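Each remark here refers to the structure printed beneath this line.
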Amino acid sequence: MARVVVDVMPKQEILDPQGQAVANALPRLGFDGVSSVRQGKRFELEVDDSVDDAALAKIAETLLTNTVIEDFTVRRVES
Amino acid sequence: MARVVVDVMPKQEILDPQGQAVANALPRLGFDGVSSVRQGKRFELEVDDSVDDAALAKIAETLLTNTVIEDFTVRRVES
Amino acid sequence: MTTTEHLADTVENAAANPETPQPFRELGLKDDEYARIREILGRRPTDAELAMYSVMWSEHCSYKSSKVHLKYFGETTTDEMREHMLAGIGENAGVVDIGDGWAVTFKVESHNHPSYVEPYQGAATGVGGIVRDILAMGARPLAVMDPLRFGPADAPDTRRVLPGIVAGVGGYGNCLGLPNIGGEVVFDETYAGNPLVNALCVGAMRVEDLHLAHASGTGNKIILFGARTGLDGIGGVSVLASETFSGDESAGKRKKLPSVQVGDPFTEKVLIECCLELFQSGIVVGIQDLGGAGLSCATAELASAGDGGMHVDLDLVPLRAEGMTPAEVLSSESQERMCAVVEPSNVDAFMAVCAKWDVIATVIGEVTDGDRLVIDWHGQTVVDVPPRTVAHEGPVYNRPIERPADQDALIANAPDALARPSTPEELRETILKMIASPNLCSRGWVTEQYDRYVRGNTVLAQPNDTGVLRIDEETGRGIALATDCNGRYCKLDPYVGAKLALAEAYRNVAVSGAAPLAVTNCLNFGSPEDPAVMWQFEQAVRGLADGCVELGLPVTGGNVSFYNQTGSTAILPTPVVGVLGVLDDVRRRVPSGIGNEAGETLLLLGE
Amino acid sequence: MSPRIGVITFPGTLDDVDAARAARYAEAEAVPLWHADHDLRGVDAVIVPGGFSYGDYLRCGAIAKFAPVMTEVIDAAKKGMPVLGICNGFQILCEAGLLPGALLRNAGLHFVCRDQWLKVENAGTAWTTRYEPDAEILVPLKSGEGRYVADQSTVDELEAEGRVVMRYVGGNPNGSRNDIAGVTDARGRVVGLMPHPEHAIDALTGPTDDGLGMFLSVLDAVVKA
Ligand SMILES: Nc1ncnc2c1ncn2[C@@H]1O[C@H](COP(=O)(O)OP(=O)(O)O)[C@@H](O)[C@H]1O
């Protein structure tokens, strides 16, 4: 068994209103010094050892990410 | 300037319908061997060097996370 | 994990170790209630039995403080009032015959406390729960409404609670495809720290399809279907878990469990379609929803409504979490689950329908010819009880009642003393101030987050005072629904206040062009242990019941929510009243508002 | 025989009854299509209706695009069958690559249900010929993720080729690029629209009956074909 993390973030050029809402709220709550916030998704998968990197990339690219608007990274982490 | 990543995940014992939907879809799409999927959020913040770890933890805890149902981790990454 | 965790407290063990101390007080049971359980069983209860009794005998499930008063509804309902009623108080939801062979079922329920703890999920699962009540009657859920109460609009906590609750009501209802056809948003300082989230659902079925769930017929199978069972909402019962998990790490973890449930509206939507197909194909004896008190409630209620006993094998319940104890499995409030009673010859057909909808379904037990509810775990019996003692024969209290000492002073402090606008400018200013006030301003921010169009039968919704739905596309037959309550009136005079709430909902339904037919209610009050609150409650019930007699309408169901208070301050008495009416043809509905056409004549009716 | 319009139901689809009703109002035969079937049952056109397919938890339409029936829809669309995706259906068609771009969370971050004015920008698609060019219609909009985005070159191309079918007027409700409410493929056969014409076919249950034109249009298109 391996643990795999897939991070999916909105592409830089795409407006991220959720991240922006957080960034705008911070000074109001008394937190200064945060110049930008972007919000994406994090997936944690438990996979059999039989699942190879190519399969993981495929899962990330075809299902977990819409590559029109998002970028992704895949990495195995020890569990 | 530093880049900070805050990962926010549903608590283990809490139902994660999002992760479940993905996990159920995978076999139908011909991907086997993934035994569990959990879906959370990833925030990327750009912060001034003046922002210390305590402030970051506070931001994560009060604004980015709903601690009733989610856990978070904060880490600085080089940018 | 250690193996000791699985050493569940069995019936045998309970009989052998009668003096093992049990945390019944932490579970909310009084000393004499615990003594009564021991008397019923002739021994101490097992952990699992204690969990069952404690939830089922809670105020929320047993109505122990309100029962003696609610009886008044039944006593005052005449045969004439019952004319259109097909099912009433005591069923999951009341059912009325609206003509053309259609039966309509509706009910309103509270989800106040969970919505304060976790506004989004609390409100969402409130909608989910009431929808399953309607579904269990055999009806297709058709629409929802959401009477809401909050603390002052500018209070910091309202800013936390209100957006979450509105998003939760919308998030769940929209995803189920149920139009939101009305509700209320009221602000008052007594609701700070105790918002009210009442959710109403209405559904319809053909009269002959009315299903009342009960477990009869020896050998019939009990099938649990829908979501897996996890550690949701078992907050209280985790006291028991920590006993069994003697001192290991997970014990500490388990104790901190928040008693929140997370809703999965997609699973519920699929469950709705699956249940309707099951009803349609006639392969179920009955279906019971799992709500508060989870499997404890569903098994005990099904068994006590039937003519036999029931045997359940808890090991068969599909779980989502590891190491759950029998008490936890029985008390879990995991959402989106239903329980069905099915004849053995229909089990395969039942499973096929569930497979079509990708719904997990598991036979977990069967109806037996005994009169006991017996539940096994790992081959040993952990529950062996007479089901009626769990479901229906809980404690009943005649709580002390006392008109508050300051009631007269409150009434005497009339508005006459207030300054009145005396010039046109002052009048103008007063009006502007009023229409900008939180209690009167536009509700657009709320209603815009709710889908009111889905399914294409919404004839009236916001900004009308009444929701109107088409039920029959051929004939145009439809229904109207309004909910109302002015808690300030009720505080001044709960008897008259409840009547006024009824009268307002009745008027709203009538002016839409509908003939009022039936009443439901959600009675939100403070602590029943406070004699002043009990007085408000008793008065409100009498007022509502007497008002119903005057109008000739039956109360077909309702819900009581006590302990709505912050510290010692109770909320305003808030008996939310819902009135259902029928229109022969929704094309003749009357929208509220004036100025739709030039030259309209304004008439004032009444005094 | 009246033309047959298929209406797909995925788990979590909500507006299928409405889409079917709209087809019937236009005097077509509404044919239910099931997500798990590799079968379009001989229909002349397909509607992918609104709702929350598979809960829309991952991304709207992300899982639905893989359903067996979608393979058939993609094939048929490539051969010129008229396809209309409404709301979640629009999201699915984008995910499936039949239409360019994507739909993201509303800029206001809330679900928005309101009666929305739209301007018909392209009255030449299979679904819009019954409208006058530049006609303005009022139909319900109800979505949380209705903000249309595409990269600049795609948007430029859509504008240049007249492939923006409808545009929001009287205020942009969700932050869509160029106020885009709906787009079409290069042939004008596949249309995706965020607002709900099927909820505006009868003034009794909708704000207007302005939406009926879309269903009448497609009948013309399939009868001609
Ligand atoms: N929580 C809510 N959910 C749905 N609709 C609501 C809600 N609150 C108010 N509404 C609707 O908004 C409209 C205006 O509400 P309100 O100002 O309370 O009306 P009134 O004061 O005339 O009873 C009504 O159509 C009402 O049903």
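Every residue gets a Cβ built from N, Cα and C, even glycine.
As recorded in TrEMBL, the features of this protein are as follows:
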| type | residues | note |
| --- | --- | --- |
| ACT_SITE | D:CYS87 | active site, nucleophile |
| ACT_SITE | D:HIS196 | active site |
| ACT_SITE | D:GLU198 | active site |
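Secondary structure from DSSP puts the residue listed as 'active site, nucleophile' in coil.
Calculated from their C-alpha atoms, the gap between D:HIS196 (active site) and the residue listed as 'active site, nucleophile' amounts to 7 Å. Under DSSP, D:HIS196 (active site) is assigned to coil, being neither helix nor strand in the three-state scheme. Within 10 Å of the C-beta of D:GLU198 (active site) there are 32 other C-beta atoms, taking all protein chains into account. Here D:GLU198 (active site) is positioned 11 angstrom away from D:CYS87 (active site, nucleophile), judged by their C-alpha atoms.
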